[in-house]
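Trainee: Quick one: structure below, then a few questions.
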Amino acid sequence: MSPQTETKASVGFKAGVKDYKLTYYTPDYETKDTDILAAFRVTPQPGVPPEEAGAAVAAESSTGTWTTVWTDGLTSLDRYKGRCYRIERVIGEKDQYIAYVAYPLDLFEEGSVTNLFTSIVGNVFGFKALRALRLEDLRIPPAYTKTFQGPPHGIQVERDKLNKYGRPLLGCTIKPKLGLSAKNYGRAVYECLRGGLDFTKDDENVNSQPFMRWRDRFLFCAEAIYKSQAETGEIKGHYLNATAGTCEEMLKRALFARELGVPIIMHDYLTGGFTANTSLAHYCRENGLLLHIHRAMHAVIDRQKNHGIHFRVLAKALRLSGGDHIHSGTVVGKLEGEREITLGFVDLLRDDFVEQDRSRGIYFPQDWVSLPGVMPVASGGIHVWHMPALTEIFGDDSVLQFGGGTLGHPWGNAPGAVANRVALEACVQARNEGRDLAQEGNDILRQAGKWSPELAAACEVWKEIRFDFKPVDTLDPNDKKQRDNEDTLADKLFGDKG
């Protein structure tokens, strides 16, 4: 390591300002297994060298400030400082760089996503020397991961609780999201569950408003759950949104849900905050409740390509903080989400170990050391014609959630639920028989529609509904090139040998 990167205790204090790169840019640094690693997309102001910009990020998100201070001599900056250890130019983007920063583990409180984010993204995003800054990815080391409980239960425990295997789970968000009375709301829940869905859901902004107070909603939804269970012989659930203005009120609602005996509750983890979410996840683990997570407000943070926090980071944070489900986009619906990027963070939610794969936006390998997985929830502008693609993209360990695609059925809520259940069962059966859902999906649905009038009616209503808009957040050209090279190699190895 070059001498200028080291803090020498023997050197007397010299007041003044010096370049960040003299202390915080360390290209010879070898990362440790215990380091938290971050990949930042940095857009410096004109005239600011990329090394200085990367070093400024490392400094301002760890031990540094704008000037030298006397108290630097009272500690070991070499032990505690963040280090920018690599910078690479983003091909195809003007003045954008990926700056890699390593943080010593001792900088962070154990088991606290709140402290992790306060340090890494808390202040540096307003730094004047940067035009824009985005946190693209984090590597959470096993030593830090082990300080978190993570999801209350995880995928396998949820399947065992529900006694549902071998297929994605089906859900529906009750619409209109605001304005229904508690009794009419409960009626819609019952009709959807009775028609064949596994779950129904409160929308993210359903809390406790004048038209429907939370306690009334909980009671009528519990009645709908028990009635539909008795009639179908299946375990059912409704995501009762416990999000509230205070943690005390949130936990009071969770307690009431537990007393009703329902299987699952819900939280808006970004608007509610990581501290509240972690507290609720601990309560759910201790009291046998599943926890559904909505990501309301995420696009404010993650949608712009050059500034903010990528959703893969927010997904990792949720797995640490705790949740059994989280909304992940659909690829095919009305909400933002490129296929390869979405599949990348879906793997980060579910798998125990994920390899580095820049073609899917994954900058670092991630070892979750047996932390339970989280089910991705595909929701937003989807209907029966999307079922083959959703089944292929997300696989069995997912929740496919049709709001308007259930409640918008021309014959009513229950027939809408029937249509979705029949479509899912047909796609799963076809997949298990070895059929190609991508190529034969429409034919599979048409065949199933011949013996299900509910599905046939749904197919007719939504046959021309598409959301053909290009995503804003896409892979960089150099990452796409890696994907293209991998596809070319695969064609050479496994292509048609006829």
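Heads up, the Cβ atoms here are built off N, Cα and C, so glycines get one too.
These came from Swiss-Prot, pasted as-is:
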- PRO3: N-acetylproline (MOD_RES)
- LYS14: N6,N6,N6-trimethyllysine (MOD_RES)
- ASN123, THR173, LYS177, ARG295, HIS327, SER379: substrate binding site (BINDING)
- LYS175: active site, proton acceptor (ACT_SITE)
- LYS201: N6-carboxylysine (MOD_RES)
- LYS201, ASP203, GLU204: Mg(2+) binding site (BINDING)
- HIS294: active site, proton acceptor (ACT_SITE)
- LYS334: site 'Transition state stabilizer' (SITE)
- 471-498: region 'Disordered' (REGION)
Trainee: Report the nearest neighbour of LYS14 (N6,N6,N6-trimethyllysine) in space among the recorded positions ASN123, LYS177, HIS294, HIS327, comparing Cα positions.
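Mentor: Out of the listed candidates, the nearest Cα belongs to ASN123.
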Trainee: Can you tell me the CA-to-CA distance separating ASN123 (substrate binding site) and HIS294 (active site, proton acceptor), as a whole number of Å?
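Mentor: If we compare the Cα positions of ASN123 (substrate binding site) and HIS294 (active site, proton acceptor), the gap is 26 Å.
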Trainee: Go through the binding-site residues THR173, ASP203, GLU204 and tell me which ones have a CA within 10 A of the CA of HIS294 (active site, proton acceptor).
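Mentor: Final answer, ordered: ASP203, GLU204.
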Trainee: Fewest neighbouring Cβ atoms within 10 Å: which of the binding-site residues ASN123, THR173, SER379?
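Mentor: Checked ASN123, THR173, SER379; of these binding-site residues, fewest Cβ neighbours within 10 Å: ASN123.
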Trainee: Inside 10 Å of the Cβ of LYS177 (substrate binding site), count up the other Cβ atoms and send me the figure.
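Mentor: Around LYS177 (substrate binding site), other Cβ atoms within 10 Å: 14.
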Trainee: Please list residues from the chain of ASP203 (Mg(2+) binding site) whose Cβ is under 8 angstroms from its Cβ, counting only those at least six apart in sequence.
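Mentor: THR173, ILE174, LYS175, LYS177, LEU178, ASN241 - these are the non-local Cβ neighbours of ASP203 (Mg(2+) binding site), listed in sequence order.
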Trainee: If you measure C-alpha to C-alpha, which of ARG295, HIS327, SER379 (binding-site residues) come within 10 angstroms of GLU204 (Mg(2+) binding site)?
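Mentor: Near GLU204 (Mg(2+) binding site), where near means Cα within 10 Å, the binding-site residues are ARG295.
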Trainee: For the substrate site as recorded (ASN123, THR173, LYS177, ARG295, HIS327, SER379), determine the largest distance between any two Cα atoms, in Å, rounded to the nearest integer.
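Mentor: Comparing all Cα pairs, the maximum is 36 Å.
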Trainee: If H, G and I count as helix, E and B as strand, and all else as coil, what does DSSP give for ARG295 (substrate binding site)?
Mentor: coil
Trainee: Between the Cα atoms of LYS201 (N6-carboxylysine) and ARG295 (substrate binding site), what distance do you get, rounded to the nearest Å?
Mentor: 14
Trainee: Enumerate same-chain residues with a sequence separation of six or more from ARG295 (substrate binding site) and a Cβ-Cβ distance below 8 A; give 'none' if the list is empty.
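Mentor: Listed in sequence order: ASP268, TYR269, LEU270, PHE311, LEU314, LEU318, ILE326, HIS327.
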Trainee: HIS294 (active site, proton acceptor) has how many other Cβ neighbours within 10 Å of its own Cβ?
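Mentor: Counting Cβ neighbours of HIS294 (active site, proton acceptor) within 10 Å gives 28.
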Trainee: Pick the one among the recorded positions LYS14, LYS175, LYS201, HIS327 whose Cβ has the fewest other Cβ atoms within 10 Å in this structure.
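Mentor: Looking at the recorded positions LYS14, LYS175, LYS201, HIS327, the Cβ with the fewest others within 10 Å is that of LYS14.
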Trainee: Around the Mg(2+) site formed by LYS201, ASP203, GLU204, list the extra residues of the same chain whose Cβ is within 8 Å of the site's Cβ centroid.
Mentor: THR173, ILE174, LYS177, ASP202, ASN205, VAL206, TYR239, ASN241, MET266, HIS294
